[in-house]
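Novice: Questions regarding the structure given below will be posed in turn.
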Ligand code: PHE
């Protein structure tokens with residue numbers, strides 16, 4: 001077993017794992033993607049199904065990924081090779097970590113473009129461009145950013161550089177300090193903004209939209225989006241949490257740590273919803289607007305808020321850092337593998353992968369303007385990558401990983417891990433993973449792909 005993890009050090013305090021894993025989970029998925037998915041999928045119905053998916057799929061799979069990572073303390077690719085040498089699994093299983101790594105890499109290519117928008121908005125916030133902005137003004141600000149590939153390229157490049165520089169360091173050093181400050185600050189600022197938005201916005205409609213549901217709203221598409229987003233938002237199914245699990249202290253209960261991560265992730269997402277929807281309903285912004293929803297609503301809030309220039313500036317700095325702590329986990333699988341297997345310097349590995357993802361990102365940012373034509377299935381390149389990763393690759397990666405843990409890894413090997421504090425709870429997790437999470441992911445995603 002490679003010793004390099006031990007050389008880099010096991011995370012000494014249990015809190016550090018929780019911070020780092022939450023740093024990966026909390027990001028644009030919570031603040032940018034979750035609100036628009038809520039808008040597109042009927043509000044309360046989506047929220048309800050999403051919470052169930054977190055509980056029945058997200059949490060058990062997250063625990064499986066972390067448990068496997070901590071048991072073997074290696075990178076996913078070497079782990080599968082090692083398991084196949086020990087005849088625990090067939091060598092063909094190596095496709096699973098490869099798919100996971102490729103998924104993370106593809107997500108990074110478009111994630112960096114959206115994180116770039118946040119840098120662009122940071123610049124606008126501190127320049128005072130939001131002051132007194134109207135709905136039309138905010139919409140045209142968003143449109144004009146998307147119509148400027150040059151500007152988007154600049155921000156995308158800056159963000160990717162930050163990612164490469166951070167991943168190039170050791171993840172432990174890069175992450176632990178940042179996230180400790182980031183998460184509490186982000187939650188505080190979201191609470192302030194949500195309170196303000198509930199005061200100035202259309203609270204009753206927003207709350208009704210977010211928390212009321214009816215059976216007919218729960219369609220297959222809603223369930224598929226909810227599962228896809230639960231995996232995306234918890235960063236599971238692509239090896240990131242596996243890698244962080246490998247750094248985790250053996251004494252800590254995986255169940256408890258992962259429950260906290262899921263809780264923090266959900267809290268941030270719901271707060272983001274509470275910031276955005278009161279305003280959306282007050283100004284009659286189209287709830288189904290899609291990716292523009294957050295970027296059109298927020299400037300209006302900052303534009304009318306006393307000291308909005310400062311609050312807006314701080315908010316977008318936090319958003320960019322949250323995106324950064326997520327983005328670095330997307331490269332971790334391949335970087336750790338290249339470093340441990342071929343002794344390639346972490347920075348060089350990160351640079352190589354970063355450049356490749358940056359190039360794909362250029363096609364993504366052009367798909368918002370010059371290449372806005374539909375490439376396949378009525379989707380442009382950005383939409384295609386987004387749907388391919390969230391609805392196909394992440395579920396596929398999560399299914400393979402869970403099947404590996406639930407059906408192939410000897411139960412005794414997992415039982416030696418402190419997955420749950422009490423032995424009785426282990427059975428619950430194991431059976432839910434085996435008989436609920438895996439069948440649910442298979443049925444819903446396969447049915448979704450074939451278009452039921
Ligand atoms: N969970 C991150 C977010 O919500 C995105 C992410 C997806 C990170 C997959 C790593 C892996 O923003």
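Every residue, even glycine, has its Cβ placed from backbone N, Cα and C.
Worth saying up front: this structure is predicted, and the values here are computed from it rather than measured.
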Novice: Looking at 115-136, 181-202, which one is transmembrane segment according to TrEMBL?
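Specialist: That would be 181-202, the stretch labelled transmembrane segment in TrEMBL.
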Novice: Could you tell me whether the transmembrane segment (181-202) and the transmembrane segment (222-247) are in contact, taking contact to mean 3+ Cβ pairs under 8 Å with a sequence separation of 6 or more?
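Specialist: Contact criterion not met.
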Novice: In the same chain, who gets a Cβ under 8 Å from the transmembrane segment (429-450) while lying at least 6 residues past its ends?
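Specialist: Apart from its flanks, the transmembrane segment (429-450) reaches 56-57, 60-61, 63-64, 220-221, 223-224, 227-228, 255, 391-392, 395-396, 398-399, 402-403, 405-407, 411, 414, 419-420.
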Novice: Residues sitting near the transmembrane segment (388-409): Cβ under 8 Å, six or more positions beyond its termini, same chain?
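Specialist: Counting only partners 6 or more residues beyond its ends, the transmembrane segment (388-409) has Cβ contacts under 8 Å with 57, 60-61, 64-65, 67-68, 71, 80, 83, 88-89, 93, 95-96, 99-100, 102-103, 106-107, 224-225, 227-229, 231-232, 236-239, 242, 430, 433-434, 437-438, 441-442, 445, 448-449.
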Novice: Given the cut-off of 8 Å on Cβ pairs that are 6 or more apart in sequence, determine whether the transmembrane segment (349-368) and the transmembrane segment (153-172) share at least 3 such pairs.
Specialist: yes
Novice: How about long-range neighbours of the transmembrane segment (181-202): same chain, 6 or more residues beyond its ends, C-beta under 8 Å?
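Specialist: For the transmembrane segment (181-202), the list is 19, 22-23, 26, 264, 267-268, 271-272, 274-282, 301, 304-305, 311, 314-315, 318-319, 321-322, 325.
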Novice: Using a cut-off of under 8 Å between C-beta atoms, tell me which stretch among 12-32, 44-68, 153-172, 314-337 contacts the transmembrane segment (259-283) the most.
Specialist: 12-32
Novice: Under an 8 Å Cβ to Cβ limit, what residues of the same chain, 6 or more beyond the ends of the transmembrane segment (314-337), are close to it?
Specialist: 20, 23-31, 75-78, 97, 100-101, 104-105, 107-108, 111-112, 114-115, 118-119, 121-122, 125, 159, 162-163, 166-167, 171, 174-175, 178-179, 182, 185-186, 189, 193, 235, 238-244, 298, 302, 346, 349-350, 353-354, 357
